[in-house]
Structures are given as C-alpha cells and as structure tokens.
Amino acid sequence: MFQKKRVLIAIGGGIAAYKICEVVSTLFKIGVEIKVILTNSAQKFITPLSLATLSRHPAYTDENFWQSTHFRPLHIDLGEWADLIVIAPLTANTLAKLAYGMADNLLTNTVLASTCPILLAPAMNTDMWEQQAVQRNWQQVLTDGRYHGMCTGLGLLACDRVGAGRMAEPPEIITYVQSLLHTAGKRDLVGKKVLISAGGTREYLDPVRFIGNPSTGKMGLALAQAALHRGASVTLVHSPASWDVPLGVQAISVVSADQMRASMVEYLPNADMIIMSAAVADVKPREYSQQKLPKKLLPQALPLEPVPDIVAELARLKQPHQQLIGFAAQTGDIVTPALEKLHSKNLDAIIANPIDEPDSGFGSDNNRAIFLDKQGQRIEISPCSKLQMAHHIFDVLAKK
Ligand code: C5P
C-alpha cells in the first residue's frame, strides 16, 4: 500500500531523537522508502549509522551538504524526492528557522527546496515550549498549509519535570504519516466537528460481571485519527479501551450504553458528522447489585431489558445539515441487514462489515466493508488497515 511512497525524516537535536529509530524501522517494514537528515545537534544524541542501517540509505548530515561529490545540490535532490517530510523532534531552534524561512543547514535548505506536506513533532522542556516566542513561531508556522503540527503530550520530560512539551509517541507519528501519505496533506475536514462512538459497551449486573462484546474500539480510534489528520475537530465517546486517545482528540470515557447515549445526545448539537462505530449492547440486566454477588446467589436465569437504540434517537434529534453514519457488524449476508438498518434507523449511510471473515472485524487491525448510503450508493472497501478504511470512508463523506 505504501510501496513507492517516499518519506524524508529530518531529526533535530533533542533527547526524543532516540525514538525516531522506531519510526524509521516501522515505516520501512510497511514498505515506505525512507531517507534521513540529521542536524549537527541531532548527531550528539543519535548516530547517522543507526539511521542509515534502519533506512537502508545513507543518512545525510551538514557534512554531506558541503561535499562537492553531488551532481545536483543535495537539498534540491532531497526536496524533490520526498512525498512527505517529517521533522521530529522539532526543536525551538529549527522551529524559529522555519517561521522565518531561514536556510542555514541541510534540513532548512531542504524544506525550502521542497513543496510536499511537512509533519512537525515538537519536543522540548515545558518552559521552552511555553515561551511566547516559541508559541508565536508555532502559530506562525501553522498558518502555512504545508505544515501539519502534532500536539505535544504531557508527561515526564528528560529534565525530570512533568509537563507539556513531550514529543508525540512513535505510534502516533507513524499513524499521522500514513494518513498524510493517503491524503497527500489534503485537509478536507477543516472546520468540521466530528463526533464518533467507539468500542463495546458493558452492562454490569454487579461490580465485576457484565454483558459485553469483543469490540476493541479500534475502528472508532482509526476514524478519530483520520478525521483529526484531515483537519476536523474530533470528539470520541469510547468505552474502556486498551489504546491511548490521540493527542488533540476530545475523549469522553463511558462504560454502559446509557452513559454512551447521554454523551452522544449531549455532543450531538455541535457536530456536523456523527459516526456510531460503537458496538452497543442490545440488552442489559434488569437488576444491578451494588455488592459482588456470591457464586451461589447468581441467578439461574438473568432477567434482561433492552438498552436505548442510540443511533435511532440521534436520527430523530439530528438537523438536516448533520450527517449520521452507522456501522453494521454482520455474519453471512452483510448487505441485506445493513440496508434494513440504514432505512429503519433513518441513517445517511451505513458501513457493513463482516465479523466472520479472517483478519477483519472485532479486534483486528484490518477490516473490509461495504459502504451504503440513502442515495443508493454502494462502495466496496477491500481488505485494508482500519486507518485506511477510515480514510476511504471520509473520502466519500467529505464530498457530500
Ligand atoms: O447492533 P446493530 O448492528 O443494530 O448496530 C447498528 C448501528 O446501530 C451501529 O451504528 C451501532 O453503533 C448502533 N446502535 C446504537 N444503539 C444500540 C445498538 C446499536 O446506536 N442500542
């Protein structure tokens, strides 16, 4: 999928530089061609040899920039070669140079000699990151549509402080790179508010036992990432999950269908696009015991009652400008029941996906589906990663 895609990774001088080995190694494994530039200060933290070995290309430094062995200037070659540039860690120094269009080393010359999208992952000490000058440069750089800025995280920094300025973790950088390779940097969801539900709800009968399902929320997570990377502001209502919510996404954590319903109804008025990818329970135990039930007191038969049909309620509440999209996880014939839900629940579109096929559905990193909408459109999405599928879905929805 990413064969022939070319990513230039430019490493600045910060301790987070050591994490870039993982980014390079993972991108190489999924078929991306990678070249690396290191600034002089980056080489104090990590060696060109490590990056050359992982990327299977020479790793370029300012020393190469000033060598006379190239037939064409190196920064022009690298700038023209790249489909995407990633600057990580982005230091205060490099950021300031980008803000002013300076070109005093291989990295900054290459940026000016290129036209592709650029992903920025800043990393610095909290006080440095929060300096007015740094924030001003950051805002300045982001006014240029080429630059896609990643949020910094909160956490323990190398200076032993806990605060803002921590570089986004490698998996998040890798996901963002995959998004930008799909969209070529297109931001077709800017100004859109996207509300997504994810994961399987849990209906407890006592503090330890619940009725649930195997949904891990990975499809909803992928939708949130894809929407964020296309410029949307994203709210993700999710059940207990083993993954981290992407930086920059507003996360609302819920457990039961009733809680999910309350949050979805609360955030609905503000949303332009609502995607119910959660696997909501259909029933819940009629009684809840505050204390753990001893084994011998467990009921022989469990009285159940229905949970609210969230998406049907959202359909009743939504305004004409809002798009409401459901998911239908099915076995066997996936189209007929999905079409029935599309119409009976009054949705704008539904994504039917099989849960009885290998490497798709619950828990898998991959999926396949058929997109169906109320205008009668039917689009097959062949097996791909859940992130890729999320982008295929937004490719259609963004045009509506
Ligand atoms: O479970 P089912 O296949 O009917 O789900 C179809 C759609 O309805 C999904 O988008 C799911 O998130 C939504 N749903 C819901 N509330 C329920 C059950 C399902 O919103 N109680």
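Using the three backbone atoms N, Cα and C, a Cβ is placed for every residue, glycine included.
A TrEMBL annotation is a machine prediction, not a hand-curated record.
Sequence annotations record features per position, and here TrEMBL assigns region 'Phosphopantothenoylcysteine decarboxylase' to 1-193.
What TrEMBL lists as domain 'Flavoprotein' is 5-178.
Within its own chain, CYS159 (active site, proton donor) has ASN125 as residues 6 or more apart in sequence whose C-beta sits under 8 angstroms from its own. Among the features that TrEMBL reports, active site, proton donor is placed at CYS159.
Annotated domain 'DNA/pantothenate metabolism flavoprotein C-terminal' per TrEMBL: 189-398, in sequence order. In this model, the domain 'DNA/pantothenate metabolism flavoprotein C-terminal' (189-398) carries an average pLDDT of 95.
What TrEMBL records for 194-400 is region 'Phosphopantothenate--cysteine ligase'.
Feature annotation from TrEMBL assigns CTP binding site to ASP282, LYS292, PRO308, ASP309, ILE310, VAL311, PHE327, LYS341, LYS345. Cβ neighbours of PRO308 (CTP binding site) (same chain, under 8 Å, six or more residues apart in sequence): ALA257, ASP258, ARG261.
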Recorded positions near ligand 1 among CYS159, ILE310, PHE327 (Cβ under 6 Å): ILE310, PHE327
Listed in sequence order, residues with CB under 8 A of ASP282 (CTP binding site) and six or more positions away: PRO306, VAL307
Neighbour tally for PHE327 (CTP binding site), based on other Cβ positions within 10 Å of its Cβ: 25
Among ILE310, LYS345, which are binding-site residues, the residue with the most C-beta atoms within 10 angstroms of its C-beta: ILE310
Recorded CTP site residues ASP282, LYS292, PRO308, ASP309, ILE310, VAL311, PHE327, LYS341, LYS345, farthest C-alpha pair in Å: 37
